[in-house]
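**Q** First, the structure itself, so that you have it in front of you.
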Amino acid sequence: MSRFQSLLAFVVASLAAVAHAAIGPTADLTISNAEVSPDGFARQAVVVNNVTPGPLVAGNKGDRFQLNVIDNLTNHTMLKSTSIHWHGFFQKGTNWADGPAFVNQCPISSGHSFLYDFQVPDQAGTFWYHSHLSTQYCDGLRGPFVVYDPNDPHASLYDVDNDDTVITLADWYHTAAKLGPAFPLGADATLINGLGRSPSTTAADLAVINVTKGKRYRFRLVSLSCDPNHTFSIDGHDLTIIEVDSINSQPLVVDSIQIFAAQRYSFVLNADQDVGNYWIRANPNFGNVGFAGGINSAILRYDGADPVEPTTTQTTPTKPLNEVDLHPLATMAVPGSPVAGGVDTAINMAFNFNGTNFFINGASFVPPTVPVLLQIISGAQNAQDLLPSGSVYSLPSNADIEISFPATAAAPGAPHPFHLHGHAFAVVRSAGSTVYNYDNPIFRDVVSTGTPAAGDNVTIRFRTDNPGPWFLHCHIDFHLEAGFAVVFAEDIPDVASANPVPQAWSDLCPIYDALDVNDQ
């Protein structure tokens, strides 16, 4: 090996290592453009501190996070502005730091920075962060976020839980989102921990996750997906789920997990098999499916095993995850009374699509020029006064809310995973089930709304205890871009007093509004 080759190998190894060094709770996140080739195909991307996925942001329950986002973007085709959502955090009192562009803030302009400053008093678990401006996260601005609980009630179930036990899944495209089709027909590659192969790049490196025989690992599985859901499994190993979207759950043993865009699961893996190499599989629900040539795959490698690709084979799952089998570890009261519609406010979400745009109850979400939060702070007090017209729903304070999402062939691309900002919700009716569980359903923040073929009518409940405008949207980013969203303006009279905004937040809009369109 020449000196140049060894230097190159060192640089590549260093870059790979950077992705594993956690930052936080106080950190700079520098957003820029760079050429990357995570699956062996080189393209320009949006990177965080020079890597995609971005570095793990980590802290402890009770921490104050001060995350300074520095916008050094230069490539207009992937947008030069940005805005970052810290997915799964309630942001109580800091609605201005939630991140969705034109709902909670104006974007950060290139050449500027913005400090997201928020408290995490009572949440712990697995989260993530991503651009919430147009389809920018599909081009690379996404990464994992973990809040550790020093008093984790599941601590006795595992031996190892660290930077190296985070597993990210991402769909990767060889064409920038704005230069490709509005609705791609599948990703070119699935990246596991930032590495993968496409059918045309089957020599690319795969991620290797190392374990020591006899140890129990808490793996934190994070879907950074823009579109497909993935069926995740590890040959020869069961997975014991203990956390769902940052909610501790009763341990549930499964052998495969269908994980939808933006969902998270912690599972315990007992490294009790023969020393060797085992395939880790994440099969997308459409596009380049299967595992030929090592696509949609990574490697679980026991210490002492040869550094070779696995020869293990996949067995048909006998214990696939079924959402109705998930239950919170601690008792969590379901809002409302235990009957259909037994709430203060029940809203049905009727989906539609016209070939280019998605609609909810007849309205397609078009980002307003003035963020909804700013509209409210500026004096708008009624849903009918808030823009975009037809897409903002006023919710009273301290009320029990029920939302139903009947699956319909009128909204293609199902199953649509829906995410509610500012809350976790009880899933009282899950996809694939006709049963309503008001006793001990799982709480989470992203739910599959199922399929029309199954006759699904997924139903969730939450309580309005967090004043502010909160986005509810399909987390298939291409569908959100096509208007598949509404805003819940929660407790409008108290929004301004509950969420005092910093001057830097107020400065975002005039700076952004002065930009030429090519600099946005």
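The backbone N, Cα and C atoms fix where each Cβ goes, glycine too.
The following feature annotations were taken from Swiss-Prot:
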{"type": "SIGNAL", "residues": "1-21", "note": "signal peptide"}
{"type": "DOMAIN", "residues": "23-148", "note": "domain 'Plastocyanin-like 1'"}
{"type": "CARBOHYD", "residues": "Asn72", "note": "N-linked glycosylation site"}
{"type": "CARBOHYD", "residues": "Asn75", "note": "N-linked glycosylation site"}
{"type": "BINDING", "residues": "His87, His130, His475", "note": "Cu cation 2 binding site"}
{"type": "DISULFID", "residues": "Cys106-Cys509", "note": "disulfide bond"}
{"type": "BINDING", "residues": "His132, His421, His473", "note": "Cu cation 3 binding site"}
{"type": "DISULFID", "residues": "Cys138-Cys226", "note": "disulfide bond"}
{"type": "DOMAIN", "residues": "160-302", "note": "domain 'Plastocyanin-like 2'"}
{"type": "CARBOHYD", "residues": "Asn210", "note": "N-linked glycosylation site"}
{"type": "CARBOHYD", "residues": "Asn229", "note": "N-linked glycosylation site"}
{"type": "CARBOHYD", "residues": "Asn354", "note": "N-linked glycosylation site"}
{"type": "DOMAIN", "residues": "369-491", "note": "domain 'Plastocyanin-like 3'"}
{"type": "BINDING", "residues": "His416, Cys474, His479", "note": "Cu cation 4 binding site"}
**Q** Determine which residues of this chain, when His87, His130, His475 are set aside, have a Cβ within 8 Å of the centroid of the Cu cation 2 site's Cβ atoms, and list them as they appear in the sequence.
**A** His85, Trp128, Tyr129, His132, Tyr137, Arg142, Leu224, Ala261, Ala262, His419, Val446
**Q** Spatial neighbours of His130 (Cu cation 2 binding site) among the recorded positions Cys138, Asn229, Cys509, defined as Cα within 10 A: which are they?
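**A** Of everything listed, what lies within 10 Å of His130 (Cu cation 2 binding site) (Cα to Cα) is Cys138.
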**Q** If I restrict to non-local contacts, at least six residues apart, and a C-beta distance under 8 angstroms, what lies near His87 (Cu cation 2 binding site) in its own chain?
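**A** Expected: Phe127, Trp128, Tyr129, His130, Phe145, Ala262, His419, Asp445.
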**Q** Could you find out if DSSP has His416 (Cu cation 4 binding site) as helix, strand or coil?
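**A** His416 (Cu cation 4 binding site) sits in coil per DSSP, no helix or strand.
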**Q** Would you mind checking how many other C-beta atoms are within 10 angstroms of the C-beta on Cys509 (disulfide bond)?
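**A** Neighbour count, Cβ to Cβ under the 10 Å cut-off: 17.
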**Q** Could you state the CA-to-CA distance between Cys226 (disulfide bond) and His475 (Cu cation 2 binding site) to the nearest Å?
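**A** Here the two Cα atoms are 7 Å apart.
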**Q** Would you identify the secondary structure of Cys509 (disulfide bond) according to DSSP, in three states?
**A** helix
**Q** Take the mean position of the Cβ atoms of His416, Cys474, His479, the recorded Cu cation 4 site. Which other residues of that chain put their Cβ within 8 Å of it?
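**A** My list of surrounding residues reads Phe358, Ala411, Gly413, Pro417, Phe418, His473, His475, Ile476, Leu480, Phe484.
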**Q** Specify all same-chain residues, apart from the site residues His132, His421, His473, whose Cβ lies within 8 angstroms of the center of the Cβ atoms of the Cu cation 3 site, ordered by sequence.
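**A** Neighbours within 8 Å of the Cβ centroid, excluding His132, His421, His473: His85, Asp98, Gly99, Pro100, Val103, His419, Phe471, Leu472, Leu480, Ala485.
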**Q** Measuring Cα to Cα, tell me the gap between His475 (Cu cation 2 binding site) and His416 (Cu cation 4 binding site) in whole angstrom.
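**A** Per the Cα atoms, His475 (Cu cation 2 binding site) and His416 (Cu cation 4 binding site) stand 7 Å apart.
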**Q** Measuring Cα to Cα, how far is Asn210 (N-linked glycosylation site) from His479 (Cu cation 4 binding site) in Å?
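**A** Here the two Cα atoms lie 36 Å apart.
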**Q** Reported in the order helix, strand, coil, what are the DSSP residue counts of the domain 'Plastocyanin-like 2' (160-302)?
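**A** The breakdown for the domain 'Plastocyanin-like 2' (160-302) reads 9 helix, 69 strand, 65 coil.
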**Q** Please classify the secondary structure at His473 (Cu cation 3 binding site) using three-state DSSP.
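**A** The residue in question, His473 (Cu cation 3 binding site), is strand (DSSP, three-state).
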**Q** Just give me the nearest neighbour of Asn354 (N-linked glycosylation site) among the binding-site residues His421, His473, Cys474, His479, Cα to Cα.
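**A** For Asn354 (N-linked glycosylation site), the closest Cα among His421, His473, Cys474, His479 is found at His479.
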**Q** Please list the DSSP helix, strand and coil residue counts for the domain 'Plastocyanin-like 1' (23-148).
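**A** Residue counts in helix, strand and coil order: 10 helix, 60 strand, 56 coil.
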